[in-house]
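The structure under discussion appears below in the form of C-alpha cells.
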Amino acid sequence: HRVYVEMRFTVRDCSSLPNVPGSCKETFNLYYYETDSNIDNKISTFWNESPYLKVDTIAADESFSQVDFGGRLMKVNTEVRSFGPLTRSGFYLAFQDYGACMSLLSVRVFFKKCPSVVQNFAVFPETMTGAESTSLVIARGTCIPNAEEVDVPIKLYCNGDGEWMVPIGKCTCKAGYEPENHVVCKACPAAMFKANQGMGICAQCPANSRSTSEASPICICRNGYYRADFDTPEAPCTSVPSGPRNVISIVNETAITLEWHPPRETGGRDDVNYNIICKKCQSDRRGCSHCDDNVDFVPRQLGLTDTRVFISNLWVHTPYTFEIQAVNGVTNKSPFPPQHVSVNITTNQAAPSSVPIMHQVKATMKSITLSWPQPEQPNGIILDYEIRYYEKDHHEFNSSLARSQTNTASIEGLRPGVVYVVQVRARTVAGYGKFSSKMCFQTLTEEDYKSELREQLPLIAGSAAAGVVFIVSLVAISIVCSRKRTYSKEAVYSDKLQHYSTGRGSPGMKIYIDPFTYEDPNEAVREFAKEIDVSFVKIEEVIGAGEFGEVYKGRLKLPSKREISVAIKTLKAGYSEKQRRDFLSEASIMGQFDHPNIIRLEGVVTKSRPVMIITEFMENGALDSFLRQNDGQFTVIQLVGMLRGIAAGMKYLSEMNYVHRDLAARNILVNSNLVCKVSDFGLSRYLQDDTSDPTYTSSLGGKIPVRWTAPEAIRYRKFTSASDVWSYGIVMWEVMSYGERPYWDMSNQDVINAIEQDYRLPPPMDCPAALHQLMLDCWQKDRNSRPRFGEIVNTLDKMIRNPASLKTVATIPAVPSQPLLDRSIPDISAFTSVDDWLSAIKMGQYRDNFLSSGFTSLHVVAQMTSEDLLRIGITLAGHQKKILNSIQSMRVQISQSPTSIA
C-alpha cells in the first residue's frame, strides 16, 4: 500500500531573525523506516539516520517574520507527501530539522481506498489503492440479488485517488424482475411478467393469458388458447381457426376445383392456411380410404394460402370426400383435430388413357397395317381411334390423320421405303385421350416387295384351286337352305329400350325416355325409380308446399347404409289417377339422371299412403331466395362456379335429349357446399290452366314462364335445348343480380313485346363484361346462333382458370350494339316518405333502421354516406351499393328540380 502524510507546520523567515548565523534553514526533512517490530531502544542504531529512507525535503510555501509574530499572525503551511509501497507490518516517521525556526503543528498519516459501491446492478467491495499514485486496482463485482451478468465479467478500476473509474461489463435484472432506483431488481407482481433479462420493466399479461405468482417470466395461456413455437412470450395467446365456409366444387370429368370462404374465426392469428384431405369412397360412401399418391393438387395439398385448389388424376365415376382443413400456427398445440368442412363429389367419365403399344401387321410399298390393344383405362365405350402419322424426316406439323372404328387400321397412300412415325389415341363420349408414344414403321421398297411376291406365288396358286372347290360347294348348300327358309314376323320387344343411338347422340349414350310414352305409367316408375319401404322413412318437419301436396324434411335409413337427410314430396289425399300419374312422372324422369349437378332421386313410396317422392336434401334451398338472403356475400369466381355447375347439369340433360322447359333460379337447389343442382322435372304445370301463379302465363293451351322462356317457345311452343339455353341466360342474370326478378315490374305482355323488339336485359350491378356477353349470346333471336351447353361449360371453365378476364365490369355504352332495357330510376318527387322510397327500391326491410335513427325525410336521406349506412346497421355490401346509388340519384334530382320533396 501507499501511505500519505499530511503535515501542518509554521516556519520563521531567517531574514527576520537578528544575528542569524549562516546555518539558519527554512526547510526540514521527512523520513520513514519500515519494520516488523517496535523499536523503542534509545541506543538502537535504528534511531540513527542511516536506516531511514528520505521521503522529501519539506519547504514552506509561506513563512512569517517578527512583525507577524508580534501580531500573532502565524502562517500555517500544509504539505502532503506519500511513500510506498510498504511491505512490512509497520513503519516509523522521522522529521529532521537542520536549523529551521519551525513548529510542527500536526501530523496526519492515512491511506486511500475506493469505497464499497453498487453500480450497474453489481456490488463492488471496498478496495485499497495501488502502490503508485498512477496505479489502477481491478475490483471484481458481484451481481445484486436477481440480477445476472451480461456478456463479459463485470469489474471497476480503483485509481490512486480512491475513485472508481473505467466500468467494464454490467449486470441486469433477470427475467421476471424489473429494475428499481437502479440498485434493486424487484419481482414482477402477479398478472404481470417480464420475459427477458435486461433493463425492461414488467408488463401486463397479453390477451388470453395469466400469471398467478410473482417473478413470472411468461404468462400461461388460458384453456383453449395456445402459443406457437415461434411466438414470443409477449405475443397474445391465440386459438385454432373455425372451419372454412361456403365451399364450391366444380367437377370436370376426373378433376375438381374447390373454392371456399375463409373461416369466420381466425383464432386471432394471420397465418391461417389450408390442408386438403382426399378420401376415395365406395359407391355408398362407406369404407372411405385416403387417396393414393397419383392424385395431383395444384398448387399443393398442404399449407395452401389461397382459398382455391385444383385436384386432378381422380378415378372415373368414383365418389370422393374432400376435407378442407383450416389450420394456423397453434393447430398442432390443440389436442383436437383441425376444424374442417367436407364436400362429397362424384367424378364424371374421363377420356381414355393412352394406347400402350402398336404392332405392324403388314406392310406394302404404299401402305402399313397396324393393330394395337385397347387402352388400359378406357373409361367408357371406345367410339373410335385417331391415327396420326408423318415421315420421320419431316416435322410433326406435317402429320396426317386417319380414323378407325376398330383397333386395327391400314394407312394408305404412303411412299415406298420411307420410315413413318405413327401415334394413335382412343375416343369416348368424354373426348380423346392422349396420343400413344411415337413408334416408327417402314413401307417396303420396290425390291423388297418383288422379293416377297416371289416367295408367295406357290401359296397363291394353291389357294386359288382350293377356292374354286369351296365356291362350288357353297352354292349347292345355299340352294338347299333357301328352300327351307320361311319368313316370320319381327318379334315384338318385351322391354323398353333405355339406350338409343340417334343422329345427334353418340353410340352408347344414354337417352332420356318420356314416361308418358308408356301405356302403363306404373311401368315407367318401376323401371326408373326404386321402391322404398315406408318404414325406412322418418318425416321430421314441413319445409314447403308443392303442387300436389306438402314437402317435408326427413331421414332415410336404408339397410346397411348410413342415415341421410332427404326431402319428401307427398301426394295429397283425394287425388285422381291423372294426378297420381303426373306426380310420379317426375320420379320417372329424375330416376333416369345421374349427375352431380342434377337433383338425385333416392326412391319412391307407392305401396302405402301417402305416395312419396324422396330426393336428396339441399340445405340452402332454392337458388333465388338463397342469393337474396346473401346479397353481395360471394366473390365473382364463386358465382361463376355456381353457374358452371348449373351449365354442367344442363349439358348432361341436353346430351340425353331432355328439354327442361322451366329452367330458372327458383328451380335450382343449393346444398351446404354451394353445389347447385337442377331440379323440378314435373310437367303437369304445362297441362293445367291454373292462374294462381303469375309466373306462368297461358299460351296455346299451356302454362309458360314468360320471363324465362325463349321467344320461339312462347309463340310456337317450340321447346328445345336451344330454348333451355335462353332460359339459362336468364338464370345467369338472376345469379349476378343476387336474385332480382327478371324484367323487374314489367308485365308479361310488356316483356314479350320488348323481346320481340330485340331488347335485352342490361348487365346487373358489377357484372363482368364477359358474363353479360355470354348472356347476350344465350338470348340470340335465332336459336341456331345460341351456344350449346357444352360450349357454355367450356367458356365458364376458361373464366375460372383466368380470373383476370372477369375484372372488366360491364357498362352500358351510349350506343349499345344491341338495345338494352333501361330500368329507369324512380322519380323522387313521386315519393311522399322514406318508407315509399325504400319500398320502391326493394329495400323496405330497412324501414325501421332509417326511422329509428332519425332519417325520417328524403332531404336528410339525400345527405347520407356509406358510414351512415353502416352506423344504422346496413352491412351487406350489395344492399349498401343499391341504396347509395339511389341516394346519389336522389341528390341529382333534388338539385335539378324545384319541386318540394318530403
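Quick reminder: no glycine exception, Cβ is built from N, Cα and C everywhere.
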Same-site ATP binder from Lys530, Lys561, Lys569, given that Swiss-Prot records Ile543, Gly544, Ala545, Gly546, Glu547, Phe548, Gly549, Glu550, Val551: Lys569
Feature N-linked glycosylation site, as given in Swiss-Prot - residue among Asn48, Asn398: Asn398
Per Swiss-Prot, the candidate from Asn252, Asn332 carrying the annotation N-linked glycosylation site: Asn252
Mean of the pLDDT scores, which run from 0 to 100, over the domain 'Eph LBD' (1-119): 83
Between Asn344 (N-linked glycosylation site) and Asn252 (N-linked glycosylation site), the C-alpha gap once rounded to whole angstrom: 14
Cβ packing number for Asn398 (N-linked glycosylation site), 10 Å threshold: 8
Length of the line joining the Cα atoms of Asn252 (N-linked glycosylation site) and Asn398 (N-linked glycosylation site), in Å: 32
Assigned conformation of Asn344 (N-linked glycosylation site) - DSSP reduced to three states: strand
Asn398 (N-linked glycosylation site) - helix vs strand vs coil (DSSP): helix
The domain 'Eph LBD' (1-119): DSSP-derived helix, strand, coil residue counts: 11 helix, 58 strand, 50 coil
Cα-Cα distance linking Asp662 (active site, proton acceptor) and Asn398 (N-linked glycosylation site), given in Å to the nearest integer: 49
Secondary-structure category, per DSSP, in which Asn252 (N-linked glycosylation site) falls: strand
